[in-house]
Each structure stands twice: as structure tokens, then as C-alpha cells.
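So that you can see what the record holds, here are the features copied from TrEMBL:
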DOMAIN    5-327  domain 'FAD/NAD(P)-binding'
DISULFID  43-48  disulfide bond
BINDING   52, 146, 147, 148, 316, 322, 323, 324, 325  FAD binding site
BINDING   183, 184, 185, 186, 187, 188, 189, 190, 206, 275  NAD(+) binding site
DOMAIN    350-459  domain 'Pyridine nucleotide-disulphide oxidoreductase dimerisation'
ACT_SITE  448  active site, proton acceptor
Ligand code: FAD
Ligand code: NAI
């Protein structure tokens, strides 16, 4: 006999678990089907959280190793204990995933441990991890939140030991002598930085002519220069054609993206980081007539409705940025909609952060996007070197750029490359949410001396009222 719930959520990641909790808070009975041994999905288990733990530890290591003499602090014999470095990350992950389990219990969400597939739009069959199966039905809707997986490359076979995805890069047991990263995007630059700080030679091979294709190009150029200063090497306009393993190393064959003479490179470890693709494998979507788009994503209309009534989809599996906070926005908004509340989202104010040192954070449109859309815009830029707190801290790398609509000064995009960019971007997000102008930011008193003054100063530059540059 089937167990009946109001809502069934497939996937316990940052899209699915907040959807389940919010649905329970709104008075619905909920089951979340997750096959992984821990809740939290990609973000908590093999994504945001473990990568940020390793980024933080490796940043501390690099700072202590290289950055203290200027401050008069002498430290000798600094060494990284790699097993402890990895074990600490595992503890952080375990603590947070257990926390989600606790929240499920508190909110009376049932975690069904197994793999779900559709038998009908309102009925799922779950093959339980412990053996056996269960049939579950939903009276108010089924939410698909099955996320994404690493994209693969032809002739580059991942074994998660020598040829790895981000998941393997989060648990290497020793520092590779030469790490070759394929793809100069979020994962390549964050995890490439981690292992570079620990001493690896890192070569990044990128198909296009620069790093992070979606980033404002001026910011990307500054960021690229800084990464090179940190010792990362880049090969742009290059495509990998094959990776072959032999005697504990990997030979990579590559050639110019536009065609030309082939070359080879030896690596101890190769990290494949060429994007992620939606994951819908094994759901039996055909059986219920649910349609995918040309990229394998589930298209949705307002309220996260799929083409099948009563079936919704949220997170990485639908179009839009593949970011944890965006997936949570989707999940929560979707169940609010099912409960009859407002179900609109604005992805234009979803911030993006690359957690390198310095970090890059942005919201809204890039200069290239505004040009392409034919928008009449103005720019205000301010370098960290002219911010007094950056001087006090001894880190003046970076730049802030504000893009506004000409005539109204309404903020259309903010791009920050510099220390604590991740902590500063919420001011810009809030400003855009409120439809603020650079005048509003200029009139807002910023404490002195703080790094966020860089945003106010960029606003003053845009208004033609700069005093500190
Ligand atoms: P997922 O988190 O992938 O969850 C889907 C879940 O569904 C999985 O746990 C899976 O086991 C389960 N599942 C799938 N099919 C079934 C089935 N049939 N039955 C049962 N269970 C099923 N984003 C940020 O915003 N900030 C970051 O710093 C950041 N860092 C990242 C670092 C890395 C290395 C990676 C890989 C990603 C990072 N991301 C980051 C992206 C972020 O992790 C994803 O956007 C987010 O996790 C997607 O959430 P989701 O709920 O849509 O899917
Ligand atoms: P990405 O899309 O950020 O970058 C992939 C890069 O690989 C691009 O620069 C692309 O041009 C390049 N590329 C594609 N095919 C290639 C090929 N054949 N050869 C060489 N280069 C190639 O994807 P990435 O880094 O894998 O990350 C996946 C997603 O995970 C991100 O887009 C982001 O949504 C999310 N993420 C977010 C993080 C954050 O918020 N800080 C951190 C890590 C991941």
C-alpha cells in the first residue's frame, strides 16, 4: 500500500531540503527522498562547504607562510599536515549534514533513504538503500530537486584518483607535484588555488580566450593577472583531446581550439572542471511525459511548474545559475507557490562569488551584457589601493566597478574583486533589490576605515564627485 504525503521532494540538496522544511512549516506533510548517506546534496557534501573549508585552511597556510614578515611577525618551520587538512574538512561537512538531519526531525520531514522514480505524476517508487521498496503518493505535488553532476570530456576518463572531478580534488591524500586543471571556471580556479597554495605546480587549460567567461571582462583581466602572480599558469584557446594514464602519471594531449599542432603535457593529477550538467538519470520522466530542453534541463514556468501538472522542479536541474543560494530560493519559492503564496523569483539579483584570495563577487549585469543589450550605461570604478583600510591591512589588490543606467543612476551591476568581496556584495544586492541609485549609496554613511567604503567611493566616482582619487 502507498504512503500518502502532501508533498514529495526528490533530492535532499540545497534546493530540496529547504523546500521540504518550508512545506512542513506551512502545515504540509512531507517526505524527502535522498539516496546519499547524508543530507545537504552537492553543496554540503562535495561542493560549497568542503571546498570553502579547504580554501580557508589553505589561505591561512599561505598567509602564515608568505604574508607575515611585512607585519613584523616571524614564523619558521610552517608545514601543512595534509591528512589533518582533509580530516578537518570532513568534520565540517559531517557537522552540517547532521544539522540538516536534525532540522528534518524538528520539522517532522520524513527522510526516505533511497532512489526515487516516477510511476505516475503523483506516485513514486523508491528503491530503499537498505533493500526493499516503498510506494509514495503526493496529494499536492512532487518536487524534482535532483541537481547536477560534473560534465565529462571525450577521451578523458575520470577515476577520481589521477583523473578527478571536484569530488576527487576535495580529498587528495597528498599534494600533487603537477596538477593540470581543464577549465578556468569556478571549480578550476577555486580548487586550483587550494593545491597551488599547498605547493603544486598548477596549469589551467581553457578552451576560451580568458578565465570565467560569464565574468565582467575588465574584472576578469585583473583577476587573471593576480592568479598568475600567485603562480597559476594558463593555456587559453586550447582544447584537450586525450588523457592517458601510465606509471602513476597522466599524459595530456592538447591542441589550439581553432585547430593546429598537437602538444603533450605530463601531470600527476588532472582535474576536469568543464561545467556541470543537470541530473535526471533514472527518474522515468518519459513515463509521465515530462519534457527536457536541449541541454537536458527541466524547463519550468512560473511557480516552478513542469509541463506535467502537479510536478515541479527546482535547483541545478532547471535553467538558471547553478548556485546553492539560487537553488534554495527556488525550493522555498516553489512550496510557497503550492501553498497559494507569491511564487516569483528574480535571478538578476542572485550574487555570484568566487572564493579565491582575493575573492570576486558580483551581482547584476556585466559591462559586456549591457553593451550587447544596447543599454546606455555609466561606470564608476574605485581601486582598493585608495581605500585606507586596505592599506592598514596590507592588501591593496583589487577593484570595484558599479554599472548604472545613464540618466537615472539606477544600479544595474556591481563587480568587486578584492579582499572580503564576498562580505561586501550583499550591500549591492540589497541596493539592487530596492531599486537604489548610486546617489542612495553615496548618501549612505559607511563606517571609516572599512573596506566597504570602496563601494561608496565607486558610487561617488560614477556621480563625478570623487574626493579620494
Ligand atoms: P544537489 O545538491 O546536487 O542535490 C541533489 C540531490 O538529489 C543529491 O544529493 C542526489 O543524491 C539526490 N538525488 C538525485 N537523484 C535522486 C533520486 N532519483 N532519488 C533520490 N535522490 C536523488 N554554489 C554556491 O552557491 N557557492 C559555492 O561556494 C559553491 N561551491 C561549489 C563547489 C563545488 C566543488 C561544486 C561541485 C558546486 C558548488 N556550488 C556552489 C554549486 C552548488 O553546490 C549547487 O548549485 C547546489 O548544490 C545544487 O543544489 P540542488 O539541490 O539543485 O542539487
Ligand atoms: P564553469 O562553467 O564555471 O567553468 C567551466 C570552464 O571550462 C569554462 O571556462 C569553460 O569555457 C571551460 N571549458 C568547457 N569545456 C572545455 C574544454 N573542453 N576544454 C577546456 N575548457 C573547457 O564550470 P565549473 O568550474 O565546472 O563549475 C560548475 C558550476 O558549479 C559553476 O558554474 C558554478 O555554477 C558552480 N560552482 C560555484 C562555485 C561558487 O559559487 N563559488 C564554486 C564551484 C562551482
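Glycine is treated like the rest: Cβ placed from N, Cα and C.
Values in this document were obtained by computation on a predicted structure and should not be read as measured data.
Taking the features listed in TrEMBL, we show where each one sits on the structure.
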residue : record                       : contacts (Cβ under 8 Å, 6+ apart)
43      : disulfide bond               : 13, 14, 49, 324, 327
48      : disulfide bond               : 14, 324
52      : FAD binding site             : 355
147     : FAD binding site             : 11, 13, 15, 41, 42, 278, 279, 315, 316, 317, 327
185     : NAD(+) binding site          : 211, 212, 213, 273, 274, 275
189     : NAD(+) binding site          : 204, 211, 212, 227, 232, 354, 356
206     : NAD(+) binding site          : 183, 184, 188, 234, 235, 236, 237, 238
323     : FAD binding site             : 350, 352
448     : active site, proton acceptor : 388
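Between the alpha carbons (Cα) of residue 187 (NAD(+) binding site) and residue 325 (FAD binding site) lies a span of roughly 17 Å. Helix first, then strand, then coil: DSSP counts for the domain 'Pyridine nucleotide-disulphide oxidoreductase dimerisation' (350-459) stand at 41 helix, 34 strand, 35 coil. In sequence order, 181, 192, 204, 211, 212, 273, 274 are the same-chain residues whose CB sits within 8 A of the CB centroid of 183, 184, 185, 186, 187, 188, 189, 190, 206, 275, the residues recorded for NAD(+) being left out. Checking the recorded positions 48, 185, 325 against ligand 1, the ones with a C-beta less than 6 Å from an atom of that molecule are 48, 325.
Taking a Cβ distance under 6 Å to any atom of ligand 2 as the criterion, the binding-site residues 183, 185, 187, 206, 323, 325 reduce to 183, 185, 187, 206, 323. The average pLDDT the prediction assigns to the domain 'FAD/NAD(P)-binding' (5-327) is 97. Other C-beta atoms found within 10 angstroms of the C-beta of residue 316 (FAD binding site) number 31, with every protein chain shown included. With the fewest other C-beta atoms within 10 Å around its C-beta, 325 stands out among the binding-site residues 183, 187, 325. In this structure, residue 323 (FAD binding site) belongs to neither helix nor strand by DSSP; it is coil. In the three-state DSSP reading, residue 185 (NAD(+) binding site) counts as coil. In three-state terms derived from DSSP, residue 206 (NAD(+) binding site) belongs to neither a helical nor a strand segment and is classed as coil. Residue annotation for NAD(+) gives 183, 184, 185, 186, 187, 188, 189, 190, 206, 275. The furthest Cα pair among them is separated by 15 Å. The full span of the recorded FAD binding residues, 52, 146, 147, 148, 316, 322, 323, 324, 325, taken as their largest Cα to Cα distance, is 23 Å.
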